[in-house]
Every structure is written in structure tokens, then in C-alpha cells.
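Visitor: Below you will find the structure I want to go over with you.
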Amino acid sequence: MSVTVSSPAGRSFHISRSPYKKISKPRVIIAAVRSGVSLAVAPILTKLQKDCATPLPVLRHVADAMAVDMRAGLAVDGGSDLKMILSYIDTLPTGNEKGLFYALDLGGTNFRVLRVQLGGKEERVIATEFEQVSIPQELMFATSEELFDFIASELGKFSQSEGGKFEMQQGRTREIGFTFSFPVKQTSVKSGILIKWTKGFAVSGTAGKDVVACLNEAMERQGLGMQVSALVNDTVATLAGARYWDNDVMVAVILGTGTNACYVERVDAIPKLPQRMSNSPETIVNTEWGAFSNGLPLTEFDREMDAESINPGEQIFEKTISGMYLGEIVRRVLVKMAKVGGLFGGGYVPEKLVTPFVLRTPDICAMQQDTSRDLEAVESVLYDIAGVKSDLSARKTVVDICDTIANRGGRLAGAGIVGILQKMEEDSKGVIFGKRTVVAMDGGLYEHYPQYREYLQEAVTELLGSEISKNVVIEHSKDGSGIGAALLAAANSKYEHDY
């Protein structure tokens, strides 16, 4: 079987790097001063709202197409835009797990180590504790051994501070759930080959190697009695963390800087799965849904942004619904309105505003929360970001733009969720819509943008109808991926039959 690349979804609401090629900055255009700014801008806003519209037929098409692409991706590798990657996670936490387990979350310039003491059905999570460690910049360009030795050393220091409610059973090896948020070919529940480093890392001697082996060997060199029992991505860990508390969780979605979704799939519904690879009736499938593109309502601003990105024609769903891009789409609309419609008065394009990514999604979220009479928060953001003073008419237009882009993003995300649920329901009537089904959500975009959340829920309700949608619970699972990795270490422990 050919193995497919898995890549992480961003949970953070902070945009740390631009996904754009280096392009020359547009020249600042001085236009004639217009009277009646709102009239000049109105046609641009009207067209934007029309192009971004997501009425029920559009949502239904997106949901149906998502389900079709899922099936094609499950049939054969490369069968659709959706990679439908096998997680090799066949054993999910049940609540019976007991003991002390660790998690390591490596996904950027910081990594996090966590431990959890589990007490079985009665006590569940007795205690948790974590630390965040910054990776020295020189180690981002060091050798594989140097980087993993540093990580193992910090793990060792953290493990030495055990005490109080944390107790390791005598004679046991400490087991770790390893969340590795870089492109990797997963080959088993505890092995995966690194494709390449991203996010500013250029570590030598790791590409093509098993990252679990690299970490295990480093821990051995440090003399630690620790080993990895589960390698997971953040979306899968989120599902596991939520499932531990609620057995009705069937889907997990991350909506942050990036986005992804995974779900519990029947093994007999995966034609590309090698025979006898799993003894379990179910496994978790990582959809990599950011690559979906079928029937999405796109604007001239989306197409322009995509063409200038480092991956044109790719990750179109992600570019319409995730935190990395919403602010950038709004910025591009504002540039056109300033250029063509004299939005900010004086008929000029603010120099700061022509810089890609200068307007972030947290900025448009903040503007949309402004309920003051004069939209003072909007005025402040525009002045700080664009360096211009705005009148009330311009501020109202900006809020309308933010709402239009957030509305489309939230509703398309909701349609994607329904597409996943729809596919599962078609395979087994009643298994999803005939009972309570939970979708666990994580990520800063979902957590911190209330209008986006509302639009997502609205779309789900519209598509499913009021009766069926009562059975579908969409709930926030804050930081579920951290504890989820430790829980997967417990669920896949070599000591699993000891409790």
C-alpha cells in the first residue's frame, strides 16, 4: 500500500508566518477625491456578498461533494482531493485506563510535555501537569541527534519532578503519546517517516527516518525509562481526548490558523485498507479536509490570494474557512474599495494596507465584536493596522465585509461537518442521525470568534433540519489534543491488560 502524507492542522489563532511568495508591494495609488463614498463602494460590497452567498442549495452541494470525495479517498490513495489518511489508531480510550502517562506535543518553536494520572472508571483523570519549553534557535538548524537529545533531556527533567498525585507503578516503563505536527508518513500506531521539516526547521539527518525511533533512541541515550506508544496528529488526539469523556464523540474538527477533521470509520468501509491490518471493527481516519475544493463559492479576492500563495490551486477549503486566511481576504477587499471607491476618503490606498497579512483574523474578529455607537474598536484597528482615520460610514462598511467573510467561512465549515456525518449515516442508517452524536471542536478560530461559531451551527441546523439536528451536538473540546495524546498512549499501552 502506498502511504499518504499527513500534515497538521493549526490550533493557534496566531499567524506566525505568511504563506505567500515574496511579491513586489503594490504601489500606493492616489485617486481623485469622491463625494458619497458609500455609493462608490456599494457595488463592490454587493458583488462580494453575492459571490460569498451560501444559501441552502450551495451548502447541500458542498456537503454532498464532501461525502463523495471521502468515499473516493477511502477507495484508493489519490482517489480524490481528500487524502483520507489511516491513523492506525484502532483502540480509543474507554475510561478504564489506569496509571501515569505522558504526552509530547512538538509542532513549532515550542514544545509541550504533559503527564496525566488516570484512575479508571471511578476516578478518571486524577491529576494533570504540563510544561512548555522553547527550542533554542540554533537547534532548529542542528542535527537530528542534537534536537531530539534536547527534547529527551527536557522530558527527563519533567519526569524527575513527579510527585504528589503522580505515581509510576514499579517496574513499568513510562509511555508517551507523541503529537508530531510536521508532514509524516504514518506506518503504524507508533511509527512514522518524516517527509520534511517545515515552520522554519532545517534539522539535518532526519528526513526519511522514523521520528518515533529518533525520539526513543534519544531517550535511551539520556538513560530515561520512557518510550513512545502512540504517534498521532493533533486532530486525532482531539478526538481521543473528547471521546474519553463522552462515548458519543464521532468526529473532531480543528478550526484555528489551519483546519482539519477526523472521524471514527468502520474498517469494512475502507477499501484501500490492507487485509488483516486491523482486528478492530473501527479506526480513526484523518480526512485532511483543507484540500477539498468542490463547488465552493469563491470571489475574485480568493482567486487572487490563491494565485499569489506558495501553493496555488491547493488547500482551497482551508483558504476559505481557516484563521490563516480570513483576515487576508478582508484586507484584499479593503484595498480594492480604497482604490476604486475611495473608502477611506481622500481617494488613496493606505500604504500599510497593501502589505499581505497585515490584517489578521483576530483583528476582524475584534472589529465584529464592536457594539459601540461610533464603532470605536473598528476605528482603532483600522488606524493601528492601516494607519488612517476612518469615518463612521467606512467603519460600517468594514464590519459588513468582516461579517460576509466570517459568514461564508462558518457556514462552509458547517457544511463540511454535515458531509462527514452524512457519509457515516449513509453507511449505517441510524448510527449518526438516529441517536446523540457529538462533534468535538478545538482551535482558536472556533473558540474566540462567536459569530463564526453561530454561522457554523446555523448551517448544520439548516442542512439537517430542526429534528435531526437536535441529535447532533457540536461542542468545544478545549485543548483536547494535549491530554488526548496521553490517553492514546494509555489506550495503546503494552500494559493494557494489567488494569
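Just so you know, glycine gets a Cβ as well, placed from its N, Cα and C.
As annotated by Swiss-Prot, ADP binding site applies to G108, T109, N110, T257, G444, with the evidence given as similarity to another entry. According to Swiss-Prot, the D-glucose binding site annotation covers T198, K199, N233, D234, N260, E288, E318, on the basis of similarity to another entry. Annotation source Swiss-Prot lists domain 'Hexokinase' at 39-490, citing sequence analysis. As annotated by Swiss-Prot, region 'Hexokinase small subdomain' applies to 94-232. The region 'Hexokinase large subdomain' annotation in Swiss-Prot covers 233-479. Summarising the annotation, Swiss-Prot assigns transit peptide to 1-30 and lists sequence analysis as the type of evidence.
Just tell me what is around each of these and how deep it sits.
Guide: The DSSP secondary structure for T109 (ADP binding site) is coil.
When pLDDT values are averaged over the region 'Hexokinase large subdomain' (233-479), the model yields 94.
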Visitor: Between the Cα atoms of N110 (ADP binding site) and D234 (D-glucose binding site), find the distance and write it as a whole number of Å.
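Guide: On Cα coordinates alone, these residues lie 15 Å apart.
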Visitor: What is the total of other Cβ atoms whose distance to the Cβ of E288 (D-glucose binding site) is within 10 Å?
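Guide: So the Cβ neighbour count for E288 (D-glucose binding site) comes to 28.
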Visitor: Within the region 'Hexokinase small subdomain' (94-232), count helix residues (DSSP H, G, I), strand residues (E, B) and coil residues, in that order.
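Guide: The counts are 37 helix, 55 strand, 47 coil.
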Visitor: Taking the residues T198, K199, N233, D234, N260, E288, E318 listed for D-glucose, what is the greatest CA to CA distance in Å, to the nearest whole number?
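Guide: Greatest Cα separation within the listed binding residues comes to 18 Å.
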Visitor: Rank aside, I only need the closest one: which of the binding-site residues G108, T109, G444 has its C-alpha nearest to that of N260 (D-glucose binding site)?
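Guide: So, of the listed binding-site residues, the one sitting closest to N260 (D-glucose binding site) is G444.
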Visitor: Ten-angstrom check, please: count other Cβ atoms within 10 Å of the Cβ of N233 (D-glucose binding site), all chains counted.
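Guide: Total other Cβ atoms inside 10 Å, all chains included: 29.
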Visitor: Which ones are near E318 (D-glucose binding site): of the binding-site residues T109, T257, G444, which have a Cα within 10 Å?
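Guide: Within 10 Å Cα-Cα: T257.
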